[in-house]
Amino acid sequence: MTVDSPPAPVQLDTPARPRRIPPAVLLIAPSIVFMALLLGWPVIQGVLQAFRGDEGFTLDYITRMVEDPYFWPAVRNTLLLIAVMIPLQFVFAITMALLLRSNPRLNKVHFFVWAIPLALSDLAAGLVWLSIFNDRGYLNSVLTSLGLDSIPWLAYDNPATLFLCVLVAEVWRSTSLVLVIVVSGLQGIPKDYDEAAQVFGATFWQRLRHVTLPLLKPSLQVALILRTILAFQTFAVAQALTGQNFPLVVGETYRWYTALQNPNVAAALALVILVASMLISVFYLRALRDKGQEGTR
Amino acid sequence: MTTTQTKPLAPQPEVDTAPLKRLRRDRALLQAACIVISLFMLVPIYLISLAALSTRESLNDFPLSLLPTNLSFETLGAFLGSTGILGAFGNSLIVGIGTLLISALIGIPAGYALARFAFPAKEPYQLFLLFTRALPIVVLSVPLARLFLTVDLYDTTYAVILLHTALALPTTILISASVFLSVPIDVEEAARVFGCTPAGAFLKVVMPMALPGLAAASIFTFVMSWNEVLGASILTLDHRTLPAQVLTSLADSPLAYRFAGGFALVIPSIIFIAFMRRYLTNMWGSTIR
């Protein structure tokens with residue numbers, strides 16, 4: 001589980017003490033109250049907002065949401081982005097972590113550089129890549145000076161390059177989170193296993209497949225759940241790079257709330273995200289269960 | 001058989017250098033791969049800095065120069081001088097520090113309890129913390145906006161502080177619990193033996209040892225709050241934080257403004273990571289589980 005507690009300190013309970021509230025309860029009570037008010041209550045309100053009209057229960061907001069021309073493209077884009085990005089960045093992050101483990105020169109510097117995007121918002125990442133991908137940006141400048149034609153990367157009628165740009169920007173930004181989790185997971189694995197396998201003549205791929213990855217599974221599980229949930233919430237990258245041309249579900253929520261001034265449909269969209277996040281976590285926990293249980297610590 | 005002869009398979013006098021060469025080649029490839037990845041990470045940051053520090057005219061050139069030939073603070077100055085940006089900077093700082101303080105105030109005691117005491121609902125409480133990490137910001141923001149409207153908190157920095165604290169609290173609790181776990185319980189007991197009260201032992205003995213880790217956790221909270229875009233832009237109209245301000249003025253702003261905005265958002269994160277780099281793996285490794 002989350003935190004392994006050491007054996008609880010022996011409480012010298014004198015019978016004279018009348019107080020029955022243990023100190024632990026006093027210490028955690030504020031956090032429970034706070035989270036109930038600001039996490040639990042809004043979720044309940046969100047469900048009500050999405051389903052309650054002027055006269056009781058209604059599906060109006062759901063139908064409006066589904067009939068919006070941007071809704072299905074947004075769902076499709078979000079799922080597509082997740083399906084392509086997650087495997088890609090996991091391969092990337094594991095490669096990077098293994099590179100770091102092989103102790104290259106300047107590995108501290110490399111790790112620092114690779115971790116910088118950890119503290120970047122997706123808005124910042126979108127703006128960074130906007131300077132590269134826009135029509136008169138740096139990428140087209142390079143292409144032109146190499147004598148190639150410049151490509152309208154972010155044109156609305158070019159969905160493939162739109163997707164590619166958002167994908168590159170998101171992979172650039174969010175891989176470092178996976179990297180840091182994988183690196184800390186690798187630090188917890190004694191090198192002996194790997195060396196033993198090496199002594200017995202296992203190739204690099206065999207060691208990766210049968211030794212390192214299975215031992216890394218708990219970390220990967222955590223990273224997978226966290227990254228997928230966060231990936232569902234991607235929107236500012238697309239907003240900064242493409243405006244409305246590459247709709248994502250959370251971006252739609254923002255649009256319904258701010259531009260269209262309809263909090264109810266926005267709440268309905270938010271519920272879509274919530275349900276998707278829950279389902280995906282349960283799916284991962286089930287799929288990766290067998291070893292994740294006792295391996296977590 | 002002498003003990004010095006370790007290679008029974010090499011009777012020929014010439015030493016086989018192929019494995020050594022292969023090793024050297026592999027090392028060189030590893031180095032090259034690291035450098036390529038570092039370039040992939042750094043070049044975009046270099047380019048946004050270049051774009052933000054170029055003059056407006058040179059941004060209109062095509063093809064753009066990849067070298068810093070036309071450096072000036074004009075674009076950045078115009079961005080900082082445009083309406084709302086300095087205020088948004090201030091708001092971001094207020095919200096970040098407010099979030100940090102409140103989540104530390106509520107989260108650190110809870111983390112301590114989690115690390116040191118056994119209490120009845122511990123398992124469900126931890127599960128609840130894990131569950132709240134999975135709550136998307138967007139689910140909270142829309143209903144909270146309505147709540148804050150009714151209690152007159154809408155469009156204030158307090159509203160954003162409350163939202164960010166709610167988001168950061170589970171992480172703060174888990175991180176501080178793992179920090180306190182790394183402080184040996186023996187020192188605390190020793191302090192008690194020598195006559196400290198529980199609070200005294202905590203403040204005089206545990207706290208100094210836990211402080212670096214807790215500070216790192218606080219910086220993390222600050223970074224999260226500094227970067228959060230969606231909730232802040234839903235909960236405010238005039239008192240926006242910096243990312244929210246940039247986001248809402250995206251559609252009707254020139255490219256130079258957007259680049260300057262991107263630069264202004266990137267620089268603090270490099271500084272954060274520079275401060276945090278020793279704690280990165282420790283924190284993420286121990287907390288997320």
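Just so you know, the numbers here start at 1 and follow the chain as drawn.
Just so you know, glycine gets a Cβ as well, placed from its N, Cα and C.
Quantities reported herein were computed from a predicted structural model and do not represent experimental measurements.
Features of the protein shown, as given by TrEMBL:
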TRANSMEM  A:24-44  transmembrane segment
DOMAIN    A:75-284  domain 'ABC transmembrane type-1'
TRANSMEM  A:79-99  transmembrane segment
TRANSMEM  A:111-132  transmembrane segment
TRANSMEM  A:160-183  transmembrane segment
TRANSMEM  A:224-246  transmembrane segment
TRANSMEM  A:266-287  transmembrane segment
Hey, would you say the transmembrane segment (A:160-183) packs against the transmembrane segment (A:266-287), going by three or more CB pairs under 8 A that are 6+ residues apart?
no
Whether the transmembrane segment (A:224-246) meets the transmembrane segment (A:24-44): three or more C-beta pairs under 8 angstroms:
no
Determine which residues of the chain contact the transmembrane segment (A:111-132) at the Cβ level, with the cut-off under 8 Å and only residues 6 or more beyond its ends counted.
96, 100, 138-139, 154, 165, 168-170, 172-177, 179-180, 183, 234-241
Non-local residues, at least 6 beyond the ends, that sit with Cβ under 8 Å of the transmembrane segment (A:266-287):
43, 46-47, 49-50, 61-62, 65, 75, 221, 224-225, 228-229, 232-233, 249-250, 252-254, 256-257
